[in-house]
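**Q** Not my notes, these are from Swiss-Prot:
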REPEAT    11-40  repeat 'ANK 1'
REPEAT    42-65  repeat 'ANK 2'
REPEAT    66-95  repeat 'ANK 3'
REPEAT    96-125  repeat 'ANK 4'
REPEAT    127-154  repeat 'ANK 5'
REPEAT    155-184  repeat 'ANK 6'
REPEAT    185-214  repeat 'ANK 7'
REPEAT    216-244  repeat 'ANK 8'
REPEAT    246-274  repeat 'ANK 9'
REPEAT    275-304  repeat 'ANK 10'
Amino acid sequence: MISIGVYIHTRSEYPLRWASTEGHVEVVIYLVENGADLNVLKLFYVDKYLQVVKYLIENGSNIHVDDEFTLIYASKGGYLELVNLLIKNGADIHVNDDAPLKWASKNGHLEVVKYLVENGADIHAYNELVVYASEGGHLQIVKYLVKKGADIHAEDDEALKWASRSGHLEVVKYLVEKGANFRAENDYALRWACEKGHLEIVKYLVEKGADIHAEDEYALRWASRSGHLEVVKYLVENGADIHACNDYGLRKASRNRHLNVVKYLMENGANIHAKDDYALRLASVNGHFKLVKFLVENGANIHAKNNEALIRPLGEGHIKIVTYLE
């Protein structure tokens, strides 16, 4: 096509950029040999195409121009060969406070993590390094970083909290066995596990001594608010107080349409009239007809707080509820 006059420099070397990003090394070579300008390329456009990057480096592409992107993207994507090539050609392993190591840890690329650390990456550049790996459930990376001296207690034991929140039981167990403080921030790890419905983690932490009553029954309140019935049952069966904060659990379960949780709490003595029948008022204004019907059938006062259960849903357009309550 070039031999018949096709212009290859159109739109800022678009043909070259497209061939590079698609990994077509033969096309890249052909275009460059016919005058295409390498200087328009950014290596991070082609971060996973090793042969293209090799060719670009060998032909004068400046990898330092794009340090902020290229090595970071290669590490983030787990492209070990590319990471190796970039570092051997002078890319800065410490770019952006060791961001390549951060992203490799966060995305679960163990071999890249090992390579970066063995080549001088600083595991202490980010206090949250173990946190990132724990949040992602990357147990082998967590173990490797801890073995290399990373602090599992960084940011007030944030690693354990995020592993609990994200549902990674094996990571939670490992961190606790290594001395992570599951009582940090008034049992925040337990609360997060309850909020997200990770029953096995909840059980494990409670068995290890986490306090289900911390912060005025926050664990039960969060589990109820989020609708995790099995977690709610477990907590109540282990002594959690369903009346904490004026039956907060019942109120928030009503607000968020968790009928099964509402039923369970009431079967276990929750006060339907707490805070001037707040459960009914919340269910009503938020348009939860089945919940409203259930609460009324079980004695909720539709006239509480100056008929709020009747008036507020009207303003929200919940005509079915208004008609039912009238």
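Here the Cβ of each residue, glycine as well, is placed from N, Cα and C on the backbone.
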**Q** Please report, as numbers and ranges, the same-chain residues at least 6 past the borders of the repeat 'ANK 5' (127-154) whose CB is under 8 Å from any CB of it.
**A** 101-102, 105-108, 110, 113-114, 117, 160, 162-163, 165-168, 170-171, 174-175, 178-181
**Q** If I take every residue in the repeat 'ANK 5' (127-154) and average their pLDDT values, what number comes out?
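**A** In the predicted model, the repeat 'ANK 5' (127-154) has a mean pLDDT of 96.
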**Q** Cβ under 8 Å, sequence separation of at least 6 from the ends of the repeat 'ANK 8' (216-244): give me the contacting residues as numbers and ranges.
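**A** Distal contacts: 186-187, 190-192, 194-199, 202-203, 206, 250, 252-253, 255-258, 260-261, 264-265, 268-271, 274.
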**Q** Report, as numbers and ranges, every residue of the chain located at least six residues beyond the repeat 'ANK 6' (155-184) whose Cβ falls under 8 Å of a Cβ in that stretch; write 'none' if there are none.
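**A** Cβ under 8 Å, 6 or more out: 127-128, 130-131, 133-139, 142-143, 146, 190, 192-193, 195-196, 198, 200-201, 204-205, 208-211.
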**Q** Hey, which bits of the same chain come close to the repeat 'ANK 9' (246-274), Cβ under 8 Å, at least six residues off its ends?
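**A** Here the qualifying positions are 217, 220-221, 223-229, 232-233, 236, 280, 282-283, 286, 288, 290-291, 294-295, 298-301, 304.
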